[in-house]
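Features as listed in TrEMBL:
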type: DOMAIN; residues: 107-261; note: domain 'Alpha/beta hydrolase fold-3'
type: ACT_SITE; residues: S189; note: active site
type: DOMAIN; residues: 315-375; note: domain 'Alpha/beta hydrolase fold-3'
type: ACT_SITE; residues: D343; note: active site
type: ACT_SITE; residues: H373; note: active site
Amino acid sequence: MGGKTILLLIAGVLGAYYVYTPLPDNIEEPWRLVWIGIPVKMITNLALLVEFLGIDHFVNTAMFFMSFQEVPPTSDENVTVMETTFNDVPVRVYVPTRKSEILRRGLFYVHGGGWCMGDAALFNYDFLSRRTADRLDAVVVSTNYRLAPKYHFPNQFEDVYNALRWLLRQEILEKYGIDPKRIGISGDSAGGNLAAAVTQQLIDDPDIKIKLKLQSLIYPALQTLDMDLPSYRENRDSLVLSKPLMVRLWSEYFTTDRSLEKTMFFNQHVPMESSHLLKFVNWSSLLTEKFKKGHSYYSPNHGSSELAKKYPGFLDVRAAPLLADDNKLRDLPLTYIITCQYDILRDDGLMYVTRLRNAGVQVTHNHIEDGFHGALSYNGLKIGYRIENQYMNWLSKNL
Ligand SMILES: *[C@@H]1O[C@H](CO)[C@@H](O)[C@H](O)[C@H]1NC(C)=O
Ligand SMILES: *[C@@H]1O[C@H](CO)[C@@H](O)[C@H](O)[C@H]1NC(C)=O
């Protein structure tokens with residue numbers, strides 16, 4: 001074989017590898033999704049290669065490529081956009097330009113990215129906040145927070161909480177013309193995790209008298225104890241968020257030491273003395289038959305106490321909101337949860353829906369049958385617009 005033939009062969013195999021993406025039958029616009037998937041796969045593989053060669057942490061490579069999607073805080077004819085800090089945490093604030101006779105609604109938004117990546121300045125997040133401000137005639141505060149691997153839990157949580165606390169003060173609400181009775185919080189993925197966690201924390205905060213009217217969680221991550229849920233099994237190799245990537249992101253939230261990741265992957269990280277927590281994430285009792293679908297329940301194996309002593313974060317309710325007991329959940333505000341069928345985090349959201357309803361919290365659950373993780377952020381795809389519309393309609397009626 002000549003050099004050219006070999007090159008063609010390699011190009012063919014690589015091409016097939018990058019285009020080959022097994023998708024469920026009911027996915028809309030499959031070819032567009034495959035097309036979007038190609039650069040995602042390439043960047044992921046490149047980032048892993050760079051890390052394997054010992055050059056840089058995979059997150060740094062991924063962040064480098066993502067940074068090209070950041071946009072400056074540009075005002076348009078309908079929304080004034082500014083950057084400032086709330087309690088030293090950088091935020092972007094979106095204020096509708098038109099005059100308002102009454103106080104406006106307020107929405108505090110937390111972006112996703114696995115506690116390692118993402119930024120309020122990314123085009124998709126900027127666009128979403130801008131449209132939310134315009135459509136709901138609301139003031140949107142889109143917060144940033146420090147990220148792993150440089151910063152670990154609880155820094156992410158604390159940054160988001162500090163920024164939220166700064167907002168929920170009379171003088172700040174007056175400054176932006178926000179109605180203290182109509183403030184909500186939203187977040188997607190890791191942002192949904194942080195939104196759920198700070199909403200719980202706020203309930204008992206004696207310093208903050210102004211409380212949230214609602215929380216809206218978009219395919220949130222809510223627990224670290226069981227990495228063998230039906231949704232983890234069914235979406236193990238998902239293009240957008242696979243099990244190896246999800247476990248890696250979870251463990252990076254707590255430490256860069258990869259021994260935690262290994263035990264998490266095999267579901268051997270929960271120590272014996274914490275086994276009482278497993279009931280809070282027991283999918284066998286918390287999922288409906290539709291989602292249990294013939295899967296067998298195996299209780300996670302007991303892990304070493306050493307690891308849990310070193311990185312107690314994964315057993316902390318501020319990282320895993322599903323670990324809150326019913327007494328705590330009972331006081332949560334009106335809740336909206338989006339889950340997607342083809343999403344490794346689907347069952348986290350489903351279990352939270354069950355637990356909140358059991359505790360008497362009013363929950364609107366929107367399950368997207370043809371949805372996948374991150375679908376809201378794919379603005380070019382019909383599904384992104386569809387989810388956004390449903391989300392905004394709910395906010396518009398309830399905030
Ligand atoms: C501003 O609002 C008007 C009226 O709703 C709309 O037609 C226009 O497209 C909006 N501009 C931007 C930049 O979104
Ligand atoms: C989980 O729930 C199932 C069925 O409800 C039960 O048999 C099992 O003992 C539970 N396991 C744990 C660890 O709570």
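Cβ atoms are placed via backbone N, Cα and C, with glycine included.
Structure coloured by features recorded in TrEMBL.
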residue	record	DSSP (3 states)
S189	active site	coil
D343	active site	coil
H373	active site	coil
Cβ-Cβ distance under 8 Å to H373 (active site), same chain, at least six residues away: S189, Y219, N235, S238, V240, L241, C340, Y342, D343, I344, L345
Number of Cβ atoms other than its own within 10 Å, given for S189 (active site): 27
Other C-beta atoms that fall within 10 angstroms of the C-beta of D343 (active site): 25
Per-residue pLDDT averaged over the domain 'Alpha/beta hydrolase fold-3' (107-261), given as an integer: 97
